[in-house]
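Inspection log for the structure reproduced underneath, given as structure tokens.
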Amino acid sequence: MPTPNPSQPRYKRILLKLSGEALVGEHEFGIDPKVLDRMSLEIGALVGIGVQVGLVIGGGNLFRGAALHAAGMDRVTGDHMGMLATVMNGLAMRDSLERSNIRTRVLSAIPMTGVVDHYDRRRAIRDLKDGDVVVFCAGTGNPFFTTDSAACLRGIEIEADIVLKATKVDGVYSDDPVKNPNALRYDRLTYDEVLDQKLGVMDLTAICLCRDHDMPLRVFDMNKPGVLTRIVVGENEGTLIAKD
Ligand SMILES: Nc1ncnc2c1ncn2[C@@H]1O[C@H](COP(=O)(O)OP(=O)(O)OP(=O)(O)O)[C@@H](O)[C@H]1O
Ligand SMILES: O=c1ccn([C@@H]2O[C@H](COP(=O)(O)O)[C@@H](O)[C@H]2O)c(=O)[nH]1
């Protein structure tokens with residue numbers, strides 16, 4: 001493996017997936033502005049070294065369709081609410097990034113004239129090349145999916161070099177490390193190993209998409225300061241999921 005060089009990022013274009021739940025921070029529900037500002041700083045550092053950043057933010061801090069359905073709501077309505085939650089997170093992220101003087105474009109899979117622009121792949125690529133951070137919100141625009149799948153889909157569409165899944169655990173484990181303290185962390189896995197062992201850090205649709213389009217994925221802990229820059233310059237953080 002070549003030695004990491006901070007002035008020469010290994011990845012030119014990334015798709016970063018941020019967990020919605022992580023935005024709660026010290027609050028009980030919703031969005032903690034301190035978390036957004038910390039993430040903006042980390043993302044700004046990447047833009048500063050010339051990395052093109054596409055962003056997908058989950059909605060788990062506000063609504064998840066499956067949870068609403070379990071409480072009695074129609075599933076599709078719940079999923080629509082979940083997708084709208086990701087738009088709110090996208091707006092909050094743009095606000096924080098722009099307060100740090102980082103140019104940001106929010107593109108939504110669901111048309112929302114007057115609030116955000118509608119997703120258009122060619123436009124997204126142009127904006128990325130111009131140095132804007134592009135936030136893709138409203139997931140895939142379809143119910144029964146998750147923002148992990150949306151992140152992998154957008155990553156493939158914009159021809160990102162890698163999908164980076166920022167979460168609250170420091171990689172993929174043999175079992176959910178939050179529930180099983182004896183779970184073992186993997187450094188590297190193939191797509192088929194994740195699928196065969198049903199490792200639950202991401203939904204399996206997302207893993208299948210990445211496998212079918214040979215898109216590498218890295219799962220890492222966003223709470224470690226400087227972690228994004230370290231990954232982008234080629235240091236080993238969390239777990240890499242790739243072909244072999
Ligand atoms: N094998 C595993 N390895 C690592 N984490 C696992 C595993 N199985 C389950 N998990 C759980 O998956 C979670 C991933 O959570 P995360 O909040 O990033 O997901 P999300 O549902 O994509 O995001 P959101 O909060 O926006 O809904 C981890 O917090 C971890 O507890
Ligand atoms: O393509 C998509 C993406 C998301 N949803 C709904 O939104 C919520 C929030 O996303 P998370 O990935 O769980 O953070 C999700 O639970 C779905 O209900 C969707 O319908 N389609």
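Going from the start of the chain as shown, residues are counted 1 onward.
Each Cβ is built from the backbone N, Cα and C atoms, and glycine gets one as well.
All annotation found in TrEMBL is predicted automatically rather than curated by experts.
Cβ neighbour count for G60 (ATP binding site): 20 (other Cβ atoms within 10 Å of its Cβ, all protein chains included). Positions annotated as ATP binding site by TrEMBL: K17, L18, S19, G20, G60, R64, T167, Y173, D176.
A 10 Å cutoff on Cβ-Cβ distances gives T140 (UMP binding site) a total of 21 other Cβ atoms nearby, all chains included. If you look up TrEMBL, you'll see G59, D79, T140, G141, N142, P143, F144, F145, T146, T147 marked as UMP binding site.
The domain 'Aspartate/glutamate/uridylate kinase' feature in TrEMBL is assigned to 12-221.
In terms of C-alpha distance, the listed binding-site residues T140, N142, T146 place T146 closest to D176 (ATP binding site). F144 (UMP binding site) is 21 Å away from T167 (ATP binding site) when you measure Cα to Cα.
The two recorded residues F144 (UMP binding site) and S19 (ATP binding site) have their Cα atoms spaced 18 Å from each other. In this structure, the binding-site residues under consideration are S19, N142, T146, T167, and the one with the smallest number of other Cβ atoms within 10 Å of its Cβ is N142.
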